[in-house]
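K.L.:
Before I ask anything, here is the structure I am working with.
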């Protein structure tokens, strides 16, 4: 049963990788040209039109005028699947059996959750130029009892959203450093593979920006989907596929060789404990909620070209979990049945690919294609995280707190610099991981990535639809929920898997999910109290600097939109719950009957998940609502170098809505005479809401250009402490 002999056959994978790297480098160059040109480039029968927009930051971080359907589809798929799909999932399937289907059960509902958020987030992104979800949070809760509230929400959210970025980076570099050496039998070292990938990623992101990343994701996504399908077929032909897995894992020899693994392949999960139904339910819920806040995914919602791109993309791409991730799981299950006597190295996927390669010429090509697809998966998510990391630090820290009047060129340079810093940290942690003995467990790392971003979700999920929700309630919920999560997660008496780098109590529930429940309950209770009795915390007359207060009802109407339809979410909730076989109470921990080549609980859960996939597609077709909002100009002063680089879609500030208050007149406010410098309120004094904070004459004196439309509510003092900080 054990096969260890491997013959040299790496030429195919080397050839494919060389072609792949050449293509993505060409894609980066093309993206750079498109970001900086408005002319037409003719390449034989093909022609490419430049997509430069006036705003340099939007060109680099927002892909110019946005992403079309094909690019959006593959960049979302590639970014969500990541290298974990071809490294961590096979390892989990190998060690834990059928419970690995939790990744499909958690992945499909993410697109359903996005239906609740995306129609309004996309409209706000187009209206206000958002590229980070934290920008929405700051504007949404700008009207509070103190300007400190939205600032606190912004900084805490920025902290929470760092974890998924670095978790993704570590898993990508750890995976590529583990899989490549095993497949090439040491011809390429883990450190060499990791550093080569990092150099290419650095070049790609600096040159092409988000467009370059998205365009290469198309190449990588196609390679991943095609490679998964080919490898699925080859595993069936050369290794026996699922039929061999079912036959071997149910045998007496398998039970004698590894009783624990035999149980994981043949019994219904236990009710509670590790790798139980409670653990499964906890994981699915946690990932579904937290993934909607992952920065590199949300950024793509803002830059999609139009709503049709998102609707068609999301309604179709959720089915890809059944092709890509399921094929990866089969690799792990095949490995469990194939390597019975002696376990393979840590790189399960590469071990199976090596066996396929040694079978025949067809296997050599198929395994080379799939290993190349694995490299594509590693690269696609890492470059997306670099861009998202730079975007967050630019939009949510550098501009509001360091240099509000920075030129667009400075903004782009800062975003690139932060992306490189994020990449460097990811590389260092990845190197530490692959040099550790044993290497860091990717399942553990990936399970932790939801621990902090899950606490940002209530501020967005509720804030998009509940007009009366105040920032004080959100802040209290976020602090209590985050404190609960961190307190439980780092308490070894409660978190029984702390030594493994996981978060799970003795019953199988994740502290982050419990903390999220505390977060939501606190937010709702305090939110209702403040809505009923606003005098408990009177709203301050001062607004935080650089804010554009956002009234949800003024923008979207008093009633809930069709995306929040009780019919859709009622059916969604029922199907979501039925994916977890809680109804098998009499069979918990007992041997299960097989349906075809899988246990009945696995078949039923995947079948219901398939129904949920169809229902989500129906949701995007019939429950989506389009919103058209007026353009709201940037709150930051315009640098002199950027006077001619303003987006033509911006409207004068005096013609926009003063959200949450009465409509202002069409005429701009009358200029106010400049006050002597010594008469400005000292830091951190606040000005009354609606009072002009700057006069037109001050900006030229400071070498600045006032925001479009002249001084308006929230206009800051350039290069100094803004009023209301």
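Each Cβ is built from the backbone N, Cα and C atoms, and glycine gets one as well.
Any TrEMBL annotation is an automated prediction that lacks curation.
Quick paste of what TrEMBL says about this protein:
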{"type": "TRANSMEM", "residues": "12-33", "note": "transmembrane segment"}
{"type": "TRANSMEM", "residues": "60-86", "note": "transmembrane segment"}
{"type": "TRANSMEM", "residues": "98-118", "note": "transmembrane segment"}
{"type": "TRANSMEM", "residues": "188-206", "note": "transmembrane segment"}
{"type": "TRANSMEM", "residues": "218-237", "note": "transmembrane segment"}
{"type": "TRANSMEM", "residues": "319-340", "note": "transmembrane segment"}
{"type": "TRANSMEM", "residues": "413-434", "note": "transmembrane segment"}
{"type": "TRANSMEM", "residues": "446-466", "note": "transmembrane segment"}
{"type": "TRANSMEM", "residues": "473-490", "note": "transmembrane segment"}
{"type": "TRANSMEM", "residues": "510-530", "note": "transmembrane segment"}
{"type": "TRANSMEM", "residues": "566-583", "note": "transmembrane segment"}
{"type": "TRANSMEM", "residues": "603-623", "note": "transmembrane segment"}
{"type": "REGION", "residues": "640-675", "note": "region 'Disordered'"}
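Are these features on the surface or tucked inside, and what are their neighbours?
P.N.:
Away from its own ends, the transmembrane segment (12-33) comes close to residues 41, 48, 50, 183-184, 200, 203-204, 207-209, 211-212, 215-216, 219-220, 223, 364-365, 367-369, 371-372, 375-376, 379 of its chain (Cβ-Cβ under 8 Å, at least six residues beyond either end).
Here the transmembrane segment (60-86) has long-range neighbours at 34-35, 51-53, 107, 110, 129, 131, 168, 171-172, 175-176, 179, 209-211, 213-215, 217-218, 220-222, 224-225, 291, 296-297, 299-300, 302-306, 308-310, 312-314, 316-317, 320, 324-325, 328, 349, 370, 373-374, 376-382, 384, 387, 390-391, 394, 412, 415-416, 442, 446, meaning same-chain residues at least 6 beyond its ends whose C-beta is under 8 angstroms from one of its own.
Proximity of distant same-chain residues to the transmembrane segment (218-237), defined by a Cβ-Cβ separation under 8 Å and at least 6 residues beyond the stretch ends, is recorded for 20, 23-24, 27, 70-71, 73-75, 77-78, 81, 85-86, 243, 320, 323-324, 326-328, 330-331, 334, 352-353, 356, 362-363, 366-367, 369-370, 372-374, 376-377, 379-380.
Beyond the ends of the transmembrane segment (319-340), by six or more residues, the same chain brings 1-3, 77, 81, 85-86, 89-95, 97-98, 100-101, 103-104, 107-108, 224-225, 228-229, 231-232, 235, 239-242, 244-245, 247-249, 253-254, 257-258, 261, 265, 348-349, 351-353, 355, 606, 610, 613, 617 to within a C-beta distance below 8 angstroms of the stretch.
Long-range contacts of the transmembrane segment (566-583) within the same chain, counting only residues at least 6 positions beyond its ends with a Cβ under 8 Å from a Cβ of the stretch, are 105, 109, 112, 115-116, 268-269, 277, 280-281, 284, 288, 601, 604-605, 608-609, 611-612, 615-616, 619, 623.
Residues 101, 104-105, 108-109, 111-112, 115, 311-312, 314-316, 318-319, 321-322, 562-563, 565, 568, 571-572, 575-576, 578-581, 595-596 of the same chain sit 6 or more residues outside the transmembrane segment (603-623) yet have a Cβ under 8 Å from a Cβ within it.
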K.L.:
So are the transmembrane segment (446-466) and the transmembrane segment (188-206) touching or not, going by 3+ C-beta pairs under 8 A with a sequence gap of 6 or more?
P.N.:
no
K.L.:
Checking distant contacts: for the transmembrane segment (473-490), what same-chain residues at least six beyond its ends satisfy Cβ-Cβ under 8 A?
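P.N.:
Sequence-remote neighbours of the transmembrane segment (473-490) are 141, 149, 152-153, 156-157, 160, 451-452, 454-456, 458-459, 462-463, 498, 503, 505, 511-512, 514-527, 529-530.
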